[in-house]
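Among the features that Swiss-Prot reports, Mg(2+) binding site is placed at ASP8, GLU58, with the record citing sequence analysis.
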Amino acid sequence: MIVGIGIDIVELHRVAELMERQPKFIERILTDNEHIRFQQLSSKRKIEFVAGRFAAKEAYAKALGTGIGTHVSFHDIEIKNDENGKPYIISPSMDERVHVSISHSEHYAVAQVIIERLSS
């Protein structure tokens, strides 16, 4: 059963500006493991990566119904990729499956998250 759906879209140029003006922005958004992956990317891909992770984490928090803040922070959410490159979020609840999709265009990054309860 679906228990939450979230979506978020961000403008790449705004993320690029934040990354340039506020170096701590990246540290605030990415977990340590995500930051390791980030360091391996080209400049253009770094912007897309941060924007995509930001959008996915916001979408996840929206699907939870809480938003980013008191109950969940950016560092509570880690997005990994499977062997085929498909992104996934590990839910702290063993009772849930989290589906995530991240996409980029020339100007935007967008993410959608669906949280599914496994037990009834």
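Here the Cβ of each residue, glycine as well, is placed from N, Cα and C on the backbone.
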Students should find that the Cβ of ASP8 (Mg(2+) binding site) has, within 10 Å, a number of other Cβ atoms equal to 19
Within the same chain, the residues at least 6 apart in sequence whose Cβ is under 8 angstroms from that of GLU58 (Mg(2+) binding site) are GLY6, ASP8, VAL10, GLY67, ILE68, ALA111
